[in-house]
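Chemist: Let me give you the structure first, and then I'll get to my questions.
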Amino acid sequence: MDFSFSFMQGIMGNTIQQPPQLIDSANIRQEDAFDNHSDIVEDGGPTPFEATLQQGFQYPPTTEDLPPLTNGYPPSISLYETQTKYPPYNQYPNGSANGFGAVRNFSPTDYYHSEIPNTRPHEILEKPSPPQPPPPPSVPQTVIPKKTGSPEIKLKITKTIQNGRELFESSLCGDLLNEVQASEHTKSKHESRKEKRKKSNRHESSRSEERRSHKIPKLEPEGQNRPNERVDTAPEKPREEPVLKEAIPVQPILSSVPTTETSTGVKFQVGDLVWSKVGTYPWWPCMVSSDPQLEVHSKINTRGAREYHVQFFSNQPERAWVHEKRVREYKGHEQYEELLAEAAKQASNHSEKQKIRKPRPQRERAQWDIGIAHAEKALKMTREERVEQYTFIYIDKQPEEASSQAKKNVTSKTEVKKPRRPRSVLNSQPEQTNAGEVASSQSSTDLRRQSQRRHTSLEEEEPPPVKIAWKTAAARKSLPASITMHKGSLDLQKCNMSPVVKIEQVFALQNATGDGKFIDQFVYSTKGIGNKTEISVRGQDRLIISSPSQRSEKPAQSASSPEATSGSAGPVEKKQQRRSIRTRSESEKSAEVVPKKKIKKEQVETAPQASLKTGLQKGASEISDSCKPLKKRSRASTDVETASCTYRDTSDSDSRGLSDGQVGFGKQVDSPSATADADASDAQSVDSSLSRRGVGTSKKDTVCQVCEKAGDCLVACEGECCRHFHVECLGLTAVPEGHFTCEECETGQHPCFSCKVSGKDVKRCSVSVCGKFYHEACVRKFPTAIFESKGFRCPQHCCSSCSMEKDIHKASKGRMMRCLRCPVAYHVGDACVAAGSVSVSSHILICSNHSKRSSQSAAINVGFCFVCARGLIVQDHSDPMFSSYAYKSHYLLSESNRAELMKLPMIPSSSASKKRCEKGGRLLCCESCPASFHPECLSIDMPEGCWNCNDCKAGKKLHYKQIVWVKLGNYRQVLWWPAEICSPRSVPLNIQGLKHDLGDFPVFFFGSHDYYWVHQGRVFPYVEGDKHFAEGQTSINKTFKKALEEAAKRFQELKAQRESKEALEMERTSRKPPPYKHIKANKVIGKVQVQVADLSEIPRCNCKPGDENPCGLESQCLNRMSQYECHPQVCPAGDRCQNQCFTKRLYPDAEVIKTERRGWGLRTKRSIKKGEFVNEYVGELIDEEECRLRIKRAHENSVTNFYMLTVTKDRIIDAGPKGNYSRFMNHSCNPNCETQKWTVNGDVRVGLFALCDIPAGMELTFNYNLDCLGNGRTVCHCGADNCSGFLGVRPKSACTSAVDEKTKNAKLKKRRKVKAEAKPIHEDYCFQCGDGGELVMCDKKDCPKAYHLLCLNLTQPPHGKWECPWHRCDECGSVAVSFCEFCPHSFCKAHGKGALVPSALEGRLCCSSHDPASPVSPEYWSKIRCKWESQDSGEEVKE
């Protein structure tokens, strides 16, 4: 801040107002300051300030008889200048990009060149003096001395104001300084009212004389509301054009607007391609264009330097005035490196060069690439073609009109204190009274007020409304007339360079007469330098007037006036500023400004009118604002039915703040959509792109299969593939009429979604909306594929993460995010989605499997075996270079450190050594993750070529909120550092902007609390108990110790959260039975066939229709006794037949209950008689092959509940996936129901019938008669007296129970115990290696052998009855007849000749693997122990 300004501000205490234009620099020099915004007024001519006078403005007397200045100021300088509006279109730093100051010492003739009709008077700082009589009225040309004759020092301080706040440095380089004057509201309303009254009386005569000498012209609104416009530019003639010409002096009129030149010294013309440099942003491709307000493309700024108006090539439309020194001719994108080299040469120090050479951030680089693509395309065009193709079109919108002028003219003088809102009243009909009539019919006070707002009179034609850059010129003819504000008001926020649209809440705007018509819209297209704006009215010209009460009660519903929108008035002041004696009162407020907005062509040009809805942008529209040539700013999503565009909010509010009026008017800044955008993260992350879409996401969630971009304007194939395409991606120019079918559906050659090989032998997924095709062999490779009777459900309908937990029901339920390129799907949310995946839409992503890794980003494997030891690395940090970075998890974040380390050799120093593990040897390294293994630990040979571990083969991925070990760099001296994988939306914005690719995810380092992007090759999971991999280290860095403690604590927190979540999930699922599909009849699966008998083959019973209960339980029905159900067309009883329970499904009411120890059960609600039909056991009818396949799959997925019931050899009912209530009936050794096979219409079906009378409320059970296919037995919890203890074991009969009772009683007598001879059951050592431990025992009778699973090369115990390899020939696998008694080698009769020889150990046979003289070592027998078991431990001999 300049000291001269702060000094004057503190001494004078006056409010400093905004300048008439944006000023180049904040370093404003106030030496020799004078009023540099006034106009020279000729005798008898109109004063320029008469164009727009504010409320409370006091007319000064004329200058005919006033003495000249005595304080050294030039006599031509006036204390009052015209009211200047803040330009609605933001320019670069303070109106220019040259970074120079705006106010310097120069002559008035160099500074003033044109007149600004609508300007705003600046305050006049008065030097405090002793109380004296008030001075005489001042004049526009001079500073009036006081009555005492002593001159009064009047200083004019020019101050840069932007976004309603004072600006004292470049908006591209720093935040705005918010310095509000402390003395703004020092005077009370009463004092202000009294002063205004005195001034009014004192200068009444002066004002009357001035009105007689200066006639009030009726100016054309187009001329009035255009700042920076030269007076000599011929405007459209107003009604009183002769008066205006007489009033305008002939000599040049001074103005504060920079001189606009279009001929002399102009290097670039409209349509030329240039590079421009703004602030810290890189050289950006631009096109020279015409300013929509000045209608010129080149001007001389206040320092005499030339500036060019350029529009930037990017995804968002931006424009600015740029200094000529920062503009270069564009010759191609290769020129960028030359510009960097040139800037580097001019750099003063090394740090500046580093900044210049620093890589651009991710978002900025993406936007820059978009701009380069446009520029390269435009480079091939001629200048005229570029102007036609890329020039912005500005859609102008009429704001809400103020109340009628007549109503304002009759207001009393006391209303001077009323808060004033500058506004313009539009009317389709001209005013009936001219200026003279107004002057003669109204009081002087009313005339003064009207002269302030005469540019808003009803006599005026429509002034230029807000210009919004809607499309480029190439699409002006196709601009739809329906793109209008529908019952809404448009509020455009001002930013440092380019306004951004903010669509306010939709309000119904009504005029004073209540016609209820809405705002019409105008379209402006800038045709070139000096050309007038072409206006094409969309719709009818309607007058929209809102009463003052409506605006005062609902300020948020009021549209900004043309005075604020068409001119260059600044944004609303953040705080009300109380003016000096000659300014408005403290109760007056500034009008809300609606700056302009530009929307570039690419956002809407390809979108048809039918799809003009708020949606997701294609391409780089998802990229943050920080990559554009702008600073970050608040943005709110649009609700208007306009072109598809979404904006991302990077902060809750603008860093420069909003004025009170803006916040009150546009509360959509903090709307839900904007809040959702604020939480969004990087475009290349899953959750980030989900959050950015917000309310603009299409429910259909369509993605083009060619370009992989989401959008609403897609063509859907109506064939079997269910895919969507962009019209451009299909090579079409228009949307095809009628039904569209893609080429694959037309030819029938669909590619397999797994192997991508086309052919007709592929099968479609059974899900109707899926549309994916697979080879059957390909889809069977995925454990998440579900095969059904009618086909299969592909893996994209099952969560890959949940399937790893062997919970197939959980994995197949819920909303999925499906990969666009491969058969992978995850549940929506961070819990299941693999870290590093990229979201395309809310339900479509590209998984991390498609990460393209280079040789430089290969996996960094650990130096230990994951099986036998969770490795230990010992290192002494003798190398000072490495020791300084060994415990720094983030050293690669430093560019200098990275460059320093990369100069060193990749071979680790000799100080790093691997601790000898127990087994030693070579390590087998995974190509996808850091895992390493000893081949011996995996029982495999060292493979050739690439190899992936089992987890990577199975598709196991890392997830967010997972604790991991991370290593940055390829050096062993750099430790593996504990970190947590973070969701991209939870990391800071600068971390989101770091360079990363598909498959990368951010991690948070414990201890140092840094972030970085890594991939799976540098990360492996943290396991409870992990400490560090440098236990041999004598000293551990404090940061690393802290990291270990934080990681352990965080791991326990996440573990507790996970366990709590699982407990809640288990509790929730325990309230209802596991999911299944309820069916009423059996469903045939596979090759099973259902037999249907002919009516002639159905037996006929001998029951009569007149019987009491024909075919009932107590009847002598032959069909019932033979378990054959009667047919209604064959049975003599007809409809009264009671032997049709299967067909009619006559089940007693029952309910599913939760039992104490047996899971879910079935309980009857009413009493059931003995023999009564209870239920039919229904499910899927499968054959034996399918049954064994399902059992095998169930074992692999750790499923222990089975619902299979065998009807015949090739007919098995599986009620697991589908069934009825009978599937919940539990087993009991003493059941109350039994299963019976009945023939129903020729087909065999299974029914459950009551074995006894069952009272209401009792659980229904039956005996499973389980056939044990495995060697394990399931414990029975039925609680019956005759319970066998295990399922599949026959329950004890009555005779057996009696014998057991007798034996139990006999034990009470004294007996003499006799030791029974024991016999060996199974050996307690492995027959292969001789060690003990967990052993698998052979099920062959009298075989005592047992084995380790690893010795058998098995990972799980074998299922069913298992025989050890000792009983099979080693050569052919047939039954062995000769055995080696020291190892599992055995031979059949054909291969046993000469294979075995007697040994020296008791003549036992041994194979060639043993020495016959000493087949085993002496220590071998010391390890062998046998398990002995008595034949009858309870047998005792009676004394």
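The backbone N, Cα and C atoms fix where each Cβ goes, glycine too.
It should be emphasised that the depicted structure is a prediction, and the values quoted were computed from it without experimental measurement.
In case it's useful when we look at the structure, here is the feature table from Swiss-Prot:
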| type | residues | note |
| --- | --- | --- |
| COILED | 1036-1065 | coiled coil |
| COMPBIAS | 128-139 | compositional bias 'Pro residues' |
| COMPBIAS | 401-413 | compositional bias 'Polar residues' |
| COMPBIAS | 425-445 | compositional bias 'Polar residues' |
| COMPBIAS | 546-568 | compositional bias 'Polar residues' |
| COMPBIAS | 637-648 | compositional bias 'Polar residues' |
| COMPBIAS | 670-691 | compositional bias 'Low complexity' |
| DOMAIN | 270-333 | domain 'PWWP 1' |
| DOMAIN | 960-1025 | domain 'PWWP 2' |
| DOMAIN | 1096-1146 | domain 'AWS' |
| DOMAIN | 1148-1265 | domain 'SET' |
| DOMAIN | 1272-1288 | domain 'Post-SET' |
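Help me picture where these features are in the structure shown.
Modeler: Mean model confidence for the domain 'PWWP 1' (270-333) is a pLDDT of 90.
Sorting each residue of the domain 'AWS' (1096-1146) by its DSSP state yields 13 helix, 1 strand, 37 coil.
Residues in the domain 'SET' (1148-1265) partition by DSSP class (helix H, G, I; strand E, B; coil) as 17 helix, 52 strand, 49 coil.
Long-range neighbours of the domain 'Post-SET' (1272-1288) within the same chain, counting only residues 6 or more positions beyond its ends whose Cβ lies under 8 Å from a Cβ of the stretch, are 1157-1158, 1200, 1226-1230, 1261, 1264-1266, 1297.
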Chemist: Looking only at the domain 'Post-SET' (1272-1288), how are its residues distributed among DSSP helix, strand and coil?
Modeler: 0 helix, 2 strand, 15 coil
Chemist: DSSP-wise, what's the residue breakdown of the domain 'PWWP 1' (270-333) into helix, strand and coil?
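Modeler: Helix, strand and coil residues of the domain 'PWWP 1' (270-333) number 3 helix, 28 strand, 33 coil.
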Chemist: Could you give me the DSSP helix, strand and coil counts for the domain 'PWWP 2' (960-1025)?
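Modeler: For the domain 'PWWP 2' (960-1025), the helix, strand and coil counts are 10 helix, 21 strand, 35 coil.
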